[in-house]
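What TrEMBL says about this protein:
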BINDING   A:Asp75, A:His156  Mn(2+) 1 binding site
BINDING   A:155-159, A:266-267, A:298-301, A:Ser305, A:322-325, A:Lys392  GMP binding site
BINDING   A:His173, A:His266  Mn(2+) 2 binding site
ACT_SITE  A:His322  active site, GMP-histidine intermediate
Amino acid sequence: MPFEKLDLSAAAPVFSWANHPLAENEARMAANVASLPFVFKHVALMPDVHLGKGALVGSVLATRDAIIPAAVGVDVGCGTVALKTPFVGDQLEGKLKQIRLDIEKMIPVGMAENAQVESEVTHWSGWRSFSALHPGVQRCEQKALKQAGSLGGGNHFIEICVDTEQAVWLMLHSGSRGIGNLLAQRHIDTARDLAKLAQMHLPDPDLAYFVSNTPEFDAYWHDLQWAQDYARFNREIMMARLKRVVEKQLAGGRPFKPLLMVNCHHNYAEREVHYGEKVYVTRKGAVRAQQGDLGIIPGSMGAKSFIVRGKGNRESYCSCAHGAGRLMSRHRAKQTFSLDDFIAQTAGVECRKDTGLIDEIPGAYKPIDGVMAQQSDLVEVVATLKQVVCVKG
DNA sequence: ATGTAC
């Protein structure tokens, strides 16, 4: 589907791939971002776009000489990793429950963290620069060590999936945990303070920004890249443990060679070239989809997920959606659905079936097929996956 | 999303 050029009377146009007409507050949020003078060319909205803090979740912005820390958000480096195994779906028969229990034993979820820090964690090179991070997080190094290789809560998940060719995939969704959150909050506070001090006129206080070539910008950029690396590493550690669980259950403990692995952020910023110019690209709930890039677009815990290949669509800043997008808030989902609804909507998925998961019920999310149909000019589908095991925090 | 406070 082609995108729509929205005229929101802001300085920059907004190109929208949304599969719904924008609500008034969503349009205002898009216009606020597009009105900032340092925004490059236009703002791109992905098919799963919805209200966020400062900027829309499912939006991509390129900036010339400034960055908005609240637009990146607090779940720095959040993303997904998927691994294709040499196993076929039939091999999982009768083993799903045990696999789920093993996952829950091997990987801390929710509030839990690792009891001891293993050498695969301490070997990460990022620990060497921990002392260079914001002074406000220095007391949290032990916690960051124990949280490396832990899932967290909310929409974070661990899944075993089977694709349409019967191949078994491992997939998980997580970010930079407490340390990334704290780093982001420290810098968001600084940006707010600076804007207030300078009596800067902003359409929204959550759009306070840092200007390049200032100490505040450099400190934020450094910590942001560190947190993004931590998030990617966190997913790698969990994927290695998940792989071992599956090896134990399906291969008598013998290691297997992955046929493919994709590890992508969907909440982050990086330097990229667009329209011949090097700019800062912020993807807030969006996945990079440069020509040939592999990406992951997960549906809800009862729906399909997709491994995709980017088409390099330049108007989207080479991006695509990061998931289905919520249809209703967690609060409304809990009011709307019962445990019986949850059990019906997660039929065929080996997962916890208790009231604590009702806010993650598939009915609280948009159907993923509509989201995929809306971005056929951004990505092509490489594999279509359906989960048979799902672990949430 | 997270961690802490209410």
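Even glycines carry a Cβ here, placed using N, Cα and C.
TrEMBL entries are annotated by machine, without manual review.
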When neighbour density is defined as the number of other C-beta atoms within 10 angstroms of a residue's C-beta, which of the binding-site residues A:His156, A:His173, A:His266, A:His322 has the lowest density? A:His156
At the level of the C-alpha atoms, what whole-angstrom distance separates A:Ile158 (GMP binding site) and A:His173 (Mn(2+) 2 binding site)? 7
Should any of the binding-site residues A:Asn155, A:His156, A:Ser300, A:His322, A:Gly325 have a Cα within 10 Å of the Cα of A:His266 (Mn(2+) 2 binding site), which are they? A:His322
Counting Cβ neighbours within 10 Å across all chains shown, tell me which of the binding-site residues A:Asn155, A:Ser300 comes out on top. A:Ser300
Can you name the residues of this chain that are 6 or more positions from A:Gly325 (GMP binding site) yet have a C-beta less than 8 Å from its C-beta? A:Pro47, A:Asp48, A:Val49, A:His50, A:Val57, A:Gly58, A:Tyr365, A:Lys366, A:Val371
Alpha-carbon spacing, A:Asn267 (GMP binding site) to A:His173 (Mn(2+) 2 binding site), which is rounded to whole Å: 12
Counting only residues 6+ apart in the same chain, whose Cβ is under 8 Å from the Cβ of A:Asp75 (Mn(2+) 1 binding site)? A:Gly175, A:Ser176, A:Gly180, A:Asn181, A:Ala184, A:Asn267
Between A:His322 (GMP binding site) and A:His173 (Mn(2+) 2 binding site), find the distance joining the two CA atoms and give it rounded to the nearest Å. 11
What count of other C-beta atoms do you get within 10 angstroms of the C-beta of A:Ile158 (GMP binding site), across all chains shown? 27
A:His173 (Mn(2+) 2 binding site) sits from A:Asn155 (GMP binding site) (Cα to Cα, rounded, in Å) at a distance of 8
Looking only at C-alpha atoms, tell me how far A:Ser300 (GMP binding site) is from A:His156 (Mn(2+) 1 binding site), rounded to the nearest Å. 11
